[in-house]
Structure formats: C-alpha cells, structure tokens
Amino acid sequence: MSELKVDTGRLSHIANSGPMSILAYCASSILMTVTNKCVVGSDKFNMLFVMLFAQSLVCVTALVLLKALGYVQYRPLNKVDVKNWLLISVLLVLMTYTSSRALKYLAVPIYTIFKNLTIILIAYGEVLFFGGRVTAMELSSFLLIVLSSVVATLGDQQALAKKPLAAAVESILGLNVGYFWMFTNCICSALFVLIMRKRIALTKFKDFDTMFYNNILSLPLLMLASFMFEDWGAANIARNLTKDYIIIMIISGLASVGISYCSGWCVRVTSSTTYSMVGALNKLPIALSGLLFFDAPKNFLSIFSIFLGFLSGIVYAVAKQKKQSQPAN
C-alpha cells in the first residue's frame, strides 16, 4: 500500500492548509523547471543522462528516507511488478530525455506552451484506446492550445528578425532542433501516460508506488545510456560534474520529489477540482519565470502566447471537471 502520512501534531494547521499546499506545489514546479534550464541551457553541459540519473537517485533516496521516518509507504521491489512496470520506466527515460533536449534549445515560456500539445494527444489517445470522448469545451481548449503554439512561433520569428543575419540563422537552427525534440517529447509523454494508465489498473499501484518504481527502474537504464552515448573522458567529466552543476541537479531532484508530494497534499486538503485548476494556473508562473530568469523573447506575441496557453489550461481544466460531473452513459 502507498500512502502519505498526515500530520496531526503542532504543525497540523500547515499540513492541512489548502493555500500552503498550493504554494508548495507551484514553488516545486517552478524550481524544477528553472534548475533544469540552468543545467541543460549551458553550452558546457552535455551529460543529460547523468543529470537524469542524479535526479532519479535523489528521488529514490528521498523516498527511502521518508519511508524510514514513517511519512510514506510504498510497495517493495518484486519481480512481477518490475516486469509489468519496465516498459513504463523506458518511456519515462525517453520522456525526460526528450524534455531536457527540448528545454536546452527552447525558451522556458515556449517550452511550457508547446508542452500543452501533449494534452491533445492524450485526449485522443483515450478516445482510441479507452473509449473516451472529447467534448465541445475540450475541443475549444485544444484550439486555444494550437493557437498559442502558433503565436509563440511567430513571437520567436519576430525576435529573430531583430538579430544580425549570422546570429539569426544559428538561432533558427537551434529552434528547429528544439521543436523536433518538443514534438518527440509530446509523443513520448502521451504514450507514457496512456500506457501507465493501463499498467496502474494491472498492478493496482498508488502514487508513491508509481514514483518509487518509475525512478528506481530508471537508474540502470539511464546509466547504461550514459555509458553508451556520452563522453566519460576525464576532461568532459571535469567540465560537466562541477560542484555547481551537482548542487543544481540535487535541488532539481528534490523539487521533483516535492512536486509528487505536494500533488498528493493538494488533492488531500483541497479537492481534485482545485488541483486541476492549480495545474492550469501554474503554467503562468512557470512561463513568467522563464522571462524573468532567462533570455526569452519579450515581445507582444510572446507574452500573448503565454496568455493563450494559460487560458487554454483553464478552459481544459473546467471542461474536464464538467465532463466528470456528468453521469456516465
């Protein structure tokens, strides 16, 4: 069984506070995005698999410590569950790797906006594989998502037009590579979510079971990929595994633990409706953090695309809640 310990002591007013859970969830999301961008956005860093390995290792270590302290419970490793969950871990590695590659080339606001395209793939995947349906309001949110992506692209082009020719050509090549990795990530993310839904029904996993198995099974896959595809020469290791990079990777890993923990916390002390709305609203501060901390395009189209992406998230969250409240046919 996987469960989260609820504090009933002196700090119970914090542990049961809706606003605190929402702030913690938003802060964790922003922290993870910003720290990841700090690492992958550097021209010096080229060991993404090592970064992902470090993040998964931090997650596993944190879960083991939390379990030892009695704050969480999760299912121990066993052959049957490992066999059933291995494909999910492979998809997780592909999803996180392509996400990191996209984040390397794209500005945080653009990355956040294009990430919404995954919602469309998942929705129609559920129609194909689970007999779901898409409501008119959901379709409206999808149109807003596509529109926000188009406007974001136009904003990028407007920013490029102001650069010298050589710099503009280099930036265009980088953006095209980023778009490729972003669309690949959307496909991997949709497959991950859709197949994981089936496997959760098979294994009866709870939240912390999923988190533990996702990360611990990813460790050997990530290390193998690193040894196969990355440069483990002394000079490259010295350039990549500096004290600053290691600290940022640890912080990012802890932030991912925080996101998972705060997700369950938020649902427990508020409601699934509030949580879904927070997920939609959280797109705005993440995108704005990219404008604040990094050299992202700052023109009308770029800002407007963030607003459209934010609006599409709200419309989609409301549409999902309305659909869930309707009686099944």
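Glycine too: its Cβ is placed from the backbone N, Cα and C atoms.
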Query raised in the report: With reference to Swiss-Prot, is Tyr213 found on the same side of the membrane as Lys320?
Result: yes
Query - Distal contacts, the topological domain 'Lumenal' (236-245) - CB-CB under 8 A, six or more residues away - result: 39, 44-47, 50-51, 230
**Report entry** the transmembrane segment (175-195) and the transmembrane segment (299-319) contact flag, 3+ Cβ pairs under 8 angstroms
**Finding:** no
**Report entry** Cβ-based contact of the transmembrane segment (80-100) with the transmembrane segment (215-235), 3 or more pairs under 8 Å
**Finding:** yes
Report summary line: Cβ contacts within 10 Å for Asn240 (N-linked glycosylation site), all chains included, total 21
